[in-house]
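TrEMBL has this to say about the protein:
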type     : residues : note
COMPBIAS : 433-443  : compositional bias 'Polar residues'
REGION   : 372-445  : region 'Disordered'
REGION   : 470-503  : region 'Disordered'
REGION   : 559-581  : region 'Disordered'
REPEAT   : 77-118   : repeat 'WD'
REPEAT   : 119-154  : repeat 'WD'
REPEAT   : 198-232  : repeat 'WD'
REPEAT   : 303-333  : repeat 'WD'
REPEAT   : 335-370  : repeat 'WD'
Amino acid sequence: VHVLRGHYPLSSLLDGYQCARQDEHISYGASAAAVPPFGCTFSSAPGQQNSLAVANEEGIVTIFTTGEKQSSVLKEWQAHDNAVFDIAWVPGANSLVTASGDQTARLWDVITGDLLGTFKGHQCSLKSVAFSKQERAVFSTGGRDGNIMIWDTRCSKKDGFYRQIKQISGAHMKPEKYTPQTKKRRGMAPPVDSQQGVTVVLFCDENKLISSGAVDGIIKMWDLRKNYTAYYHNPLPLQAYPYPGSCTRKLGYSGLSLDSTGSRLFSNCTDDNIYMFNISGLKTTPVAVFSGHSNSSFYVKSSVSPDDQFLASGSSDHHAYIWKISDPKQAPMMLQGHSQEVTSVAWCPTDFTKIASCSDDNTVRIWRLNRRPDGENSSNRDPNLVGWTLRKIQSPPRAPVTPAKGPGSERAVSLASPQPAACAPTGADLPLPSNTSAPSAKVSSPRMPYSIQQWISRGTSPLHKVLTPVLQGPSSERRAKRRLETGDGSGLGEESDGVSELYPDVKRSRISVSTQNEKGDLFSLQTEERLSSAGQAGTGKENSSPRTTDWLSVISQRFKGSAQPKSPNGSSKRHDARTHSSPVSTSCIVFFFILFFLSF
């Protein structure tokens with residue numbers, strides 16, 4: 001362990017994540033047909049951290065037990081007659097809550113499979129459910145109706161259902177301008193659609209809740225001690241984190257996750273970036289931006305490693321990604337093997353060597369950190385593997401546009417072509433790289449996860465055989481990336497018809513997001529044209545302004561230009577524009593023309 005900490009950082013181990021065939025599980029529906037799983041999460045109960053709960057599109061919940069070598073189904077039951085979009089374990093207990101498209105949430109006993117309670121109050125599908133770490137009886141839900149609701153299992157039931165004890169209405173309703181149509185709807189409830197939907201709710205402590213919406217682009221923090229009225233729309237949050245990018249289309253967040261300290265918030269945005277906010281301070285701009293993946297739906301989520309050093313996320317390009325949090329500019333590692341969009345990703349909270357992923361290819365996969373034989377590559381890979389890890393090859397950033405120097409060109413040079421993460425803020429304070437000395441002891445010497453120590457002690461092969469980074473990915477990934485950049489619509493039909501019916505705006509958001517890179521390229525070309533034309537226009541106005549020249553100076557410039565040889569670079573006109581003629585030479589030319597006209 002000492003050798004590993006001194007010479008091999010944990011990031012060197014990331015390329016060892018693999019998925020064997022026995023850790024790949026197909027998600028089945030009620031009719032024995034394969035359906036996509038939507039949510040997966042590990043249990044936090046003592047001694048049950050290897051239990052993984054997965055919910056799918058037809059409302060079936062499956063509990064997997066993930067041992068050291070393989071995983072298997074432990075229990076399975078029909079939780080809802082509709083899709084289950086999110087699932088959350090009760091902290092430290094063998095029970096969980098499901099959030100469904102049937103507008104209800106349900107509490108289940110995992111051991112017996114009994115239904116402990118139904119929570120009714122939303123008017124649309126529930127998209128997210130979350131517990132506080134300190135409280136087992138209180139949890140929150142967010143739905144497409146734009147409402148955030150707080151529930152308490154200690155309260156008495158009404159008509160056989162639990163009712164919300166607190167409600168935040170219109171939490172992420174996008175403000176619209178006053179129109180005659182809105183005047184006609186006075187006194188009526190606002191229309192229920194994705195314009196106001198709440199996508200994620202997350203507790204940061206027992207009194208504060210964080211939420212995100214589908215299109216308003218704002219992350220909000222709520223003080224649950226405040227008495228929010230159920231009939232009061234557009235409530236004021238305790239803190240708001242506005243969208244930090246520069247994209248102008250409708251934007252939202254598909255996932256929110258916190259580190260173990262509760263101070264760093266990671267938000268999956270539909271502009272293909274993951275923004276990290278420091279919610280323990282007063283600053284509302286992100287402190288880091290993670291890019292390299294794609295996000296074109298509201299199902300892509302992320303998870304933080306148990307040692308708070310790495311961030312794992314799903315992606316719409318059929319891969320899962322892992323970033324080093326202290327070095328966001330470093331190329332991420334790709335977990336390859338899925339054939340459709342990777343949605344929910346869960347890192348085992350007590351085992352660094354285990355990651356779970358769900359995909360629209362109807363499979364659930366358990367990724368384990370394995371020792372690979374020395375010299376293993378794609379040609380002699382174990383045929384039993386269905387997933388492996390490669391370092392993503394990032395294309396070099398385009399050179400900024402540098403127009404020819406001229407009057408006023410210093411102002412235009414700053415308008416460089418957009419980089420791949422054009423939506424990222426230019427003034428974000430990024431954390432120090434791993435090779436830079438930092439004042440924080442946590443950054444300079446991260447703690448070694450206990451699961452890594454166990455993993456090292458179990459092995460017998462030398463460490464230098466393990467830590468061999470792979471720096472090249474297969475050509476199929478590059479072809480898929482090109483398809484996404486051209487926006488030809490490939491892969492837009494990944495979602496099943498059931499999902500489209502439950503969330504009809506997903507396909508439209510996929511199309512708009514898939515053409516983002518193409519729009520970025522067009523924008524860069526237009527920027528280059530504007531810069532070059534601006535430079536030329538500025539030079540032309542400077543040389544031919546009728547207010548600053550007369551006919552004598554024009555004739556003198558012509559004679560001077562014909563007498564002067566061209567410069568080697570062919571830019572004699574621009575050089576002449578910046579060269580001032582001496583008074584003696586000008587007076588001689590004027591005197592010559594006066595004599596020439598007098599002779600006639």
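Even glycines carry a Cβ here, placed using N, Cα and C.
TrEMBL: automatically predicted annotations, no manual curation.
Residues 10, 13, 16-20, 23-27, 34-42, 44, 49-50, 52, 54, 62, 64, 66, 71, 296-297, 299-307, 312-322, 385-390, 449, 451-452, 455, 473-474, 477, 491, 494-496 of the same chain sit 6 or more residues outside the repeat 'WD' (335-370) yet have a Cβ under 8 Å from a Cβ within it. For the repeat 'WD' (335-370), the DSSP-based tally of helix, strand and coil residues reads 0 helix, 21 strand, 15 coil. As a summary of secondary structure, the repeat 'WD' (303-333) carries 0 helix, 13 strand, 18 coil according to DSSP. Within the model, the repeat 'WD' (335-370) carries an average pLDDT of 96. When DSSP labels each residue, the repeat 'WD' (119-154) comes out as 0 helix, 19 strand, 17 coil, counted as helix, strand and coil in that order.
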